[in-house]
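Undergrad: First the structure, which I've put down as structure tokens, then a few questions once you've had a look.
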Amino acid sequence: MILLISDLHLEEERPDITRAFLELLGGRARAAEALYILGDFFEVWIGDDAMTPYQLSICQALRELSDSGTQIFLMHGNRDFMLGKAFCKAAGATLLKDPSVVDFYGEPVLLMHGDSLCTRDEAYMRMRRYLRNPLSLWILRHLPLGTRRKLARKLRNESRAQTRMKANDIVDVTPDQVPQVMQEHGVRTLVHGHTHRPAIHKLQIGEQAAKRIVLGDWDRQGWALQVDEQGFQLAAFDFVPTQLALPGSP
């Protein structure tokens, strides 16, 4: 059994989401062959050298899962694209390129965060190309921590404001992009997050049936895609109501 999640947007200000994630790590994920996290794992990430005690506790929780035998794969999102090799090494995770084709029980499946499919949002795509440029990344990683924190707050606030102003179809995937990218990678199944619109969409690519599975964001409830030999099951679950102690708390 394989689990896929995305868009947890983990931050210390949302202990309910953190508790739900830790519950997943201690439960279903222990029985999984692998856990795939397809971006926006953290609400913000300014560099592996700037881990807060809270972020370090999440890293340690992932390491415990990895040490138990579950493989962990992390993909960058638009909020945490500066996650690096140091964090992944400490967490016992493998950094996965976006996009990546993986084999799930004999079927090739395309995994993406999903933001690169939203090509109608031209302003965002320009910003994405700039921020993901290797030179830009090098500069960002070498800025003073205080500057990085201010820049992260500015980008996050601007992103939230712009998203509220944009039409729904602009911030969703571009319909023509989906079959195009699936054909380019030779797959009939695409799994992505980013849009916060969980669903399984049935498609027709040429003469072949296909599907696009959109993972849900963790806000009022959690979402996980379970893959096994019987197929794909996307389901929501309620957050854990009990007041569990967070890692690192007294």
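Even glycines carry a Cβ here, placed using N, Cα and C.
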Undergrad: Which single residue out of N78, N133 does Swiss-Prot record at the Mn(2+) 2 site shared with D40, H113, H194?
TA: N78
Undergrad: Which residue of H196, H201 does Swiss-Prot report at the same Mn(2+) 1 site as D7, H9, D40?
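TA: The record-listed residue among the candidates is H196.
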Undergrad: Rank the binding-site residues D40, D121 by the number of other Cβ atoms within 10 Å of each Cβ and report the first-ranked residue.
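TA: By the 10 Å Cβ neighbour count, D40 comes out on top.
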Undergrad: Show me the subset of D7, D40, R79, D121, S159 whose Cα is within 10 Å of H113 (Mn(2+) 2 binding site); these are the binding-site residues I mean.
TA: D7, D40
Undergrad: Going along the chain, which residues six or more apart from S159 (substrate binding site) have their CB under 8 A from its CB?
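TA: For S159 (substrate binding site), the qualifying residues are N78.
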